[in-house]
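Q: The structure is given below, and queries will be raised subsequently.
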């Protein structure tokens, strides 16, 4: 079965309406599987509600921002937004890649970039009054630098408009372009993050072919080599069919790359068309993996069923800086 493309209209910086073909919620699988309604109690999150959540939702819409909280259907959106924190996604909401776990739209943005986005994002952060922001983006393989210069411009705009705000840059792999990595680092984020996502064996099955296990490790190692003063961070999803030996191998590889902070969480299928969950990892197993991480020398490890790379990122950063 071929992917179902939809046509969307975007306004270019020159005011021209551009039509793009996208696959909503990613390519995923051709044959959707039944929804799993027997999820264990430990991974159920409360529905988003409350005045703070509604206020943030309205502000995001008003300022025309994209958040990974919404685009990736994150189960923690209610908790995070109620506490006034969110992960801002820049460079649009159309990704040039099609990872099998991700619900972000897939297509070709044709080089479109909103030059006003850094200013709008900085204004939103200032108005929200947050002290810590996670900045991430879709993959933009259609851009010469993968969007690194836009990423850096947004970090600088935030720091200029809202002095004192701490910024975590959760970047794409820029196709292994180390100059692009250096461009982002030059904007002085407090944390540089790139997610390994899964173990070596499952990477071809889970991630887009343009991503790579070794490529992510290379990016993280280079970031630490160039800017040892900046904390590096990565994340693993569990429950995709990996073994404990493979989890430990991935953790060791991340430590060898100089990664300071590690998060581990349960993979949850965003739609029936995405990769099925192979196993629901119980909380006690996450506790063991967390202990492994500290034994390996990570400065901070945050592991649990609902943990995501940007979940409680401000607290994780604080813990890492105090060790």
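Residue 1 is the first one shown; counting continues down the chain.
Each Cβ is built from the backbone N, Cα and C atoms, and glycine gets one as well.
According to Swiss-Prot, the feature [4Fe-4S] cluster 1 binding site maps to 69, 74, 80, 310. The feature domain 'Radical SAM core' is assigned by Swiss-Prot to 81-299, with sequence analysis given as support. Here Swiss-Prot flags 95, 99, 102 as [4Fe-4S] cluster 2 binding site, drawing on sequence analysis.
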Q: Between residue 95 ([4Fe-4S] cluster 2 binding site) and residue 310 ([4Fe-4S] cluster 1 binding site), what is the CA-CA distance rounded to a whole number of Å?
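A: Residue 95 ([4Fe-4S] cluster 2 binding site) to residue 310 ([4Fe-4S] cluster 1 binding site), Cα-Cα distance: 19 Å.
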Q: I'm trying to understand the geometry here, so how far is the Cα atom of residue 80 ([4Fe-4S] cluster 1 binding site) from the Cα atom of residue 102 ([4Fe-4S] cluster 2 binding site), in Å to the nearest whole number?
A: 20
Q: In the structure shown, with every protein chain counted, which of the binding-site residues 80, 95 has the densest set of Cβ atoms within 10 angstroms of its Cβ?
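A: For the binding-site residues 80, 95, the Cβ with the most other Cβ atoms within 10 Å is 95.
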Q: Cβ atoms within 10 Å, counted per site: which of 99, 102 has the most, among these binding-site residues?
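A: The residue with the most neighbouring Cβ atoms within 10 Å is 102.
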Q: Give me the count of other Cβ atoms within 10 A of the Cβ belonging to residue 310 ([4Fe-4S] cluster 1 binding site).
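A: Step by step: centre on the Cβ of residue 310 ([4Fe-4S] cluster 1 binding site), count other Cβ atoms within 10 Å, giving 29.
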Q: What is the interatomic distance between the Cα atoms of residue 310 ([4Fe-4S] cluster 1 binding site) and residue 102 ([4Fe-4S] cluster 2 binding site), given in whole Å?
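A: Approximately 15 Å lies between the Cα of residue 310 ([4Fe-4S] cluster 1 binding site) and that of residue 102 ([4Fe-4S] cluster 2 binding site).
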Q: According to DSSP, which of helix, strand or coil covers residue 95 ([4Fe-4S] cluster 2 binding site)?
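A: The three-state answer is strand.
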